[in-house]
């Protein structure tokens, strides 16, 4: 029975269950972090299982000989064989003592069948199988092991005289210690209550969550444990120490009873914590961690320091914090007109009609004063303006102080000289029509975009380049086609060699390509230059021809008498040599 703590026969405690109001715990055992309790009274397997669950536990699992020894101790305290339920059941199917392992096909209420122990009252060689639903009780009145608890299969609807519950806890506390040298100790007694409803005074260990009532001091203590620890300690809701005779007043180090109220003391190198009972070493802080802004250490006195604050702050009464100084309330006023305090400083403002210039409030001037707007200046703020234009005009994008004609319609009135009504101007992209009306030029109808999509707007147009251009899908007036190299074309066909065209055979005309307007202008200029050059050459040749003819006539007239004409035969004759 290693690791078993005998808790003795405990006083009855109500389960708080209407269906099992008569069932009361009669004993309890704790092994490490598990506690087991025996409840006496008639109950079916379902009633027993629900009763354990209401107490935050479940029917007992007997996985080792240690758990079997706990059952023996609990049953030995009863004068009759209760045959209590344990947490082993066969919901459906039949058992098999030979092929289904030590549990014969049964499983624990926790949903598994892991075990290193089994003790069946029915021998394994019994041939007739038992079929579920079946549940298991333990009894000491069996033929297989008289006096030793053995497992018996029974229908789950059977009412037994008790059941065993199992509870798991992460930590536990020792019973309260009382200082026997204290004269008051002889009159002090403690009564404990466990979370699963068992109460009494004779315990070896108590699970976390148990409570202790100490009389006649009127103390109510609770077993608690920090998260992640297995060793609990007794505590109460109030801070500070309780009576030093019980559990050292809850103090971690010393309990001082020399004063009217008990007080906990800590070693010199440790500080008392907020609960008034535990001790901890102080956290060493650097000088800068002690002051809100700046800390200056005193080299002459080790451990001493002084705190300082930034500009606009002053040191608080505690000597560590820094408080903001309201500069606006300091005399004289640091601002010429309005002052607004800020954290660590202030801001100056001026009344309406004034602006802050170099720390002074000066009266605002008309923002249009000195402006160079061509038509009219319009203030937009006390310090800014914008230029506006007459109807039919708009500010130039690159020179907003100047105006240019603007028309957002297909036709608008022209800007004519009042002294010369025939002298009129139109916005760019418009043409003067009917003397005083500017009409939009439809560049799209003039083929400005060639084969690309064209969109006309008042005074302008845009081209959307086609898919066969380098800027396909983009808006541009330079939608040049993608150049195609003839030597990179691949011949496609049936695999026969290509046939070269014979001389004189007609060939298809070359595909028409759109020509850019700049190219057309260049061609026109070159053609005109060529015509002018040809005309000049023709004039030169005619002049030269006239001079030569005059010279020839003169020569013919002066040598007419000296010329002897000789008859020349035109027929061919053979000459012999």
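Cβ atoms are placed via backbone N, Cα and C, with glycine included.
Pulled from Swiss-Prot, these are the features on record:
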CARBOHYD  113  N-linked glycosylation site
DISULFID  135-156  disulfide bond
CARBOHYD  243  N-linked glycosylation site
DISULFID  244-255  disulfide bond
DISULFID  251-264  disulfide bond
CARBOHYD  256  N-linked glycosylation site
DOMAIN    283-323  domain 'EGF-like 2'
DISULFID  291-307  disulfide bond
DOMAIN    324-362  domain 'EGF-like 3'
DISULFID  328-339  disulfide bond
DISULFID  350-361  disulfide bond
DOMAIN    364-404  domain 'EGF-like 4'
DISULFID  368-377  disulfide bond
DISULFID  389-403  disulfide bond
DOMAIN    403-439  domain 'EGF-like 5'
DISULFID  407-416  disulfide bond
CARBOHYD  408  N-linked glycosylation site
DISULFID  412-424  disulfide bond
DISULFID  444-454  disulfide bond
DISULFID  465-479  disulfide bond
COMPBIAS  477-492  compositional bias 'Basic and acidic residues'
TOPO_DOM  542-577  topological domain 'Cytoplasmic'
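Projection of Swiss-Prot feature records onto the structure.
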| residue | record | Cβ within 10 Å |
| --- | --- | --- |
| 243 | N-linked glycosylation site | 21 |
| 256 | N-linked glycosylation site | 14 |
| 339 | disulfide bond | 17 |
| 377 | disulfide bond | 18 |
| 389 | disulfide bond | 19 |
| 407 | disulfide bond | 22 |
| 416 | disulfide bond | 15 |
| 444 | disulfide bond | 16 |
| 454 | disulfide bond | 19 |
| 479 | disulfide bond | 23 |
Given a separation of at least six residues and a C-beta threshold under 8 Å, show me what packs close to residue 264 (disulfide bond) in the same chain. 240, 241, 249, 250, 251, 252, 253, 254, 255, 256, 272, 276, 277, 279
Rounded Cα separation (Å) that holds between residue 479 (disulfide bond) and residue 454 (disulfide bond): 11
Residue 389 (disulfide bond) and residue 408 (N-linked glycosylation site), distance between Cα atoms, whole Å: 15
Sequence-ordered list of residues in the chain of residue 424 (disulfide bond) that lie 6 or more positions away and have a Cβ within less than 8 Å of its Cβ, or none, is 414, 415, 416, 417, 432, 435, 436
For the domain 'EGF-like 3' (324-362), the distant same-chain contacts (Cβ-Cβ under 8 Å, at least six residues beyond its ends) come to 310-314, 382-383
Integer Å distance between the CA atoms belonging to residue 403 (disulfide bond) and residue 307 (disulfide bond): 66
Using DSSP and three states only, what is residue 328 (disulfide bond)? helix
Within 10 Å of residue 389 (disulfide bond) (Cα to Cα), which of the recorded positions 113, 244, 350, 368, 377, 465 do you find? 377
When distances run from the Cα of residue 328 (disulfide bond) to each of the recorded positions 113, 135, 291, the nearest one: 291
Sorry to bug you, but what's the C-alpha spacing from residue 444 (disulfide bond) to residue 368 (disulfide bond), rounded to the closest Å? 43
Measure from the CA atom of residue 339 (disulfide bond) to the CA atom of residue 291 (disulfide bond) and give the result in Å, rounded to a whole number. 30
